[in-house]
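Here is what Swiss-Prot says about this protein:
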- Met1: N-acetylmethionine (MOD_RES)
- Pro33, Leu34, Thr35, Ala66, Gln108, Arg237, Ala305, Gly306, Gly307, Gly328, Arg329: FMN binding site (BINDING)
- His185, Arg277: substrate binding site (BINDING)
- Tyr190: active site, proton donor (ACT_SITE)
Amino acid sequence: MEMVNAEAKQSVPLLTPYKMGRFNLSHRVVLAPLTRQKSYGSVPQPHAILYYSQRTSPGGFLIAEATGVSDTAQGYPDTPGIWTKEHVEAWKPIVDAVHAKGGIFFCQIWHVGRVSNRGFQPRRQAPISCTGKPIMPQMRANGIDEARFTPPRRLSIEEIPGIVNDFRLAARNAMEAGFDGVEIHGAHGYLIDQFMKDKVNDRTDEYGGSLQNRCKFALEVVDAVAKEIGPDRVGIRLSPFADYMESGDTNPEALGLYMVESLNKYGILYCHMIEPRMKTVGEIAACSHTLMPMREAFKGTFISAGGFTREDGNEAVAKGRTDLVAYGRWFLANPDLPKRFQLDAPLNKYNRSTFYTSDPVVGYTDYPSLESTA
């Protein structure tokens, strides 16, 4: 039986080992960063210990949910932070649980920028961004409530180094909490993406206009974080093709290529990119673009995400289109996803209505593993 299993494992590209810098991964199935809104008052909670440890396998790579770098970084209820001592202490047992099962765990550090409103901001001030352009109200994931956004305040040039420093300190705090590294959130219409995308960034100073100027803030964050904790512990997530939160770009391929070529200069560990087919939330669209030019240009580990199944994840690895594949919704609903992929076992269906509820169990830690259903 062991021999059969060993052979089966070898024939599944996603289940082959991979050396990511200093980290020896036993397979290529990555837990994507998933906002779950269960960190009450921005503090990670004990129920996250079980959630993350359920999704840990020996040599598996997990990316924690988006985690705010400062008190201006928040834009959703009960998302975690890492800017205070209390946050750091609350993360420690969660990180320890992942390490106890042999996992590698990175913290995704995040600033929402204009995707916020006064209610989430200190002293009810306006959210900050590269621009003063507001976002239109959006339907929440539950399809009932409407999210409203306060028009942002454009950051002055003098304020930008302070935001870069918030990312640096968040990375330092993540290391103090025991994380193996950090992923800089540069995707999905949040602050770093707002600076990069020409449909948002309307600045006329050194942080706006040309592609190089629009990417300046992102690369300053990368530089500061890499210098603080070492480039071999730093990744970044990018979505040049996506148009989330009214953050599109007129030439996404040029943006993606410029960014990966620039990232090579810093020697960071990985680049995590969203597939062009995931232009909007949760919808797979027909698309002629591919990530191959970025994949070929980037010298570190390449991670792809965006609507992958077992089949096309295996194909992407087998054909060299990516090194690792990040799974979100399927990993949320299948805590033992790598094992299910190995056995080609049926998958639990995910329940979208419980993605963002505050319940500490339902739709969070109650999805069964294969062992619990055997």
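Using N, Cα and C of the backbone, Cβ positions are placed for all residues, glycine too.
Remember, predicted model here, so these are calculated numbers, not experimental data.
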Count the other Cβ atoms sitting within 10 Å of the Cβ of Tyr190 (active site, proton donor), across every protein chain shown.
26
Same-chain residues at least 6 apart in sequence whose Cβ lies under 8 Å from His185 (substrate binding site):
Pro33, Ala66, Gln108, Ile109, Trp110, His111, Ile192, Arg237
Long-range neighbours only, meaning 6 or more apart in sequence with Cβ under 8 Å: which ones does Arg277 (substrate binding site) have?
Ile284, Ala285, Ala286, Cys287, Gly306, Gly307
Of the binding-site residues Thr35, Ala305, Arg329, which sits closest to Tyr190 (active site, proton donor) by Cα distance?
Thr35
Could you say which of the binding-site residues Thr35, Gln108 has its Cβ with the most other Cβ atoms inside 10 Å?
Gln108
Within a 10 Å radius around the Cβ, which one of these binding-site residues has the most neighbouring Cβ atoms: Pro33, Gly307?
Pro33
If you run the three-state DSSP split on Ala305 (FMN binding site), which class comes out?
strand
Any same-chain residues 6+ apart from Ala305 (FMN binding site) with CB under 8 Å of its CB? Would you list them in sequence order, or say none?
Val30, Ala32, Arg237, His272, Met273, Ile274, Glu275, Met278, Val325, Ala326, Tyr327, Gly328
DSSP-derived structure type at Arg329 (FMN binding site), helix or strand or else coil:
helix
